[in-house]
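One structure is given here, and the rest of the page talks about it.
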Amino acid sequence: MIYNFSAGPAMLPASVLKKAQKELLDWQGLGISVMEISHRDPIYIRMAEEAEQDLRDLLAIPDNYSVLFMHGGGRAHFSAVPQNIAAADATVDYLNSGVWSDIAINEAKKYVATVNEVARVAETPQGKAIPPVNEWKLSKNAAYLHYCPNETVDGIALHEIPNVNVPIVADMSSVILAEPIDVSKFGVIYAGAQKNIGPSGLSVAIIRNDLLETQQHRVCTVMNYKVQAEQGSMYNTPNTFAWYLAAEVFKWLKAEGGVEAMADLNQAKARLLYECVDNSSFYRNTIAPQNRSRMNIPFQLADCQLDNEFLAKAKAEGLLALKGHRFVGGMRASLYNAMPLAGAQALVDFMARFEKAHK
Ligand code: PMP
């Protein structure tokens, strides 16, 4: 059995991949693949609309929100958000909770006059932590507040939605569909697809309709939220195969019990791994408990000389892609929706054996 702990592109449900394989040469009895038909064909449009509806059902997206299937992955929204949602002379607020929000901040600086960092991760006696919202230095007149609820590289998460009175923009690339969310609390939610949705390159954006009016008229049309909303995300040719695969993942999610079931599963997997790390002096995680991610769990071996042996032995047992991000080092296990509980169990069993062998 192979378990793939990659942070992204990440593990997809095996049943979805098998269905895609079966349908590759003959989709819906057409005798050709889904990649070879026009995105304007009524059969394709039906599939695309069903995908949107399934996503709306899964996340209980209110009717006053548009759902877009866009290009450019998560990063394309780092520039699309400030251009679409803020005027060039605006002030925007950003929480800096790790690598991805830091990159988003630097991108926003190209498009708006003032990018205010409201807070950044700090070392505390309990580990790295996001300061409480009441300590954030919010601007008086921000066009929006941007944050990343789950920092994929750092393994840092903000588990509550900040209570502010400006539109909230969230980069949910590595946490979308992993748990229920109250979409009505957000102005914009965006996510690259390659963790919980489907293939990379595709992104999903959920935008409250009153925010659709583009603020900076030079915004690249492919990333113009209003144009894409008006044209059903088909201003230009979408990534038709990725959209199809996302549609299959949404169907799989519904059959598995939706985001509520995923939240239970994801909690259980994360608990297994954190317990394994916390109950040993051989492994450690440096994030304060309240800000620990359930999706991406970085951990270090007390003796980093053993890192390569750990990775090689894990790989030999079918536990793949556990090497930590180069900025953080050590290990990282990503436990997205498609990872079964048995995968997390196999990892902690291996970790216990590896520890015993080296004590
Ligand atoms: N935001 C987050 C939180 C991510 O994890 C990633 C990718 N790992 C990105 C943005 C960038 O996504 P992409 O490579 O699809 O542009």
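Placement of Cβ uses the backbone N, Cα and C atoms for every residue, glycine included.
TrEMBL lists Arg40 with the feature L-glutamate binding site. A simple way to gauge crowding: the CB of Arg40 (L-glutamate binding site) has 9 other CB atoms within 10 angstroms, across all the protein chains here.
DSSP gives Gln194 (pyridoxal 5'-phosphate binding site) a coil state; it is part of no helix or strand. Under a cutoff of 8 A between CB atoms, and with a sequence separation of 6+ in the same chain, the neighbours of Gln194 (pyridoxal 5'-phosphate binding site) are Gly8, Pro9, Ala10, Gly73, Ser200, Gly201, Leu202. Feature annotation from TrEMBL assigns pyridoxal 5'-phosphate binding site to Gly74, Arg75, Trp100, Thr152, Asp171, Gln194, Asn236, Thr237.
Among the features that TrEMBL reports, domain 'Aminotransferase class V' is placed at 2-346. Taking the domain 'Aminotransferase class V' (2-346) as a whole, pLDDT averages 97 in the prediction.
Per TrEMBL, the feature N6-(pyridoxal phosphate)lysine maps to Lys195. Around Lys195 (N6-(pyridoxal phosphate)lysine), the C-beta neighbours below 8 angstroms that are at least 6 residues distant in the chain are Ala7, Gly8, Ala10, Thr152, Ser173, Ser174, Ile176, Met295, Ser334, Tyr336.
Among the recorded positions Gly74, Arg75, Lys195, the residues whose Cβ lies under 6 Å from any atom of ligand 1 are, in sequence order, Gly74, Arg75. Between the CA atoms of Trp100 (pyridoxal 5'-phosphate binding site) and Arg40 (L-glutamate binding site) there is a gap of 35 Å, rounded to the nearest whole number. Here the binding-site residues are Thr152, Thr237, and the one whose Cβ sees the fewest other Cβ atoms within 10 Å is Thr237. Fewest other C-beta atoms within 10 angstroms, among the binding-site residues Gly74, Arg75, Trp100, Asn236, are seen around Asn236.
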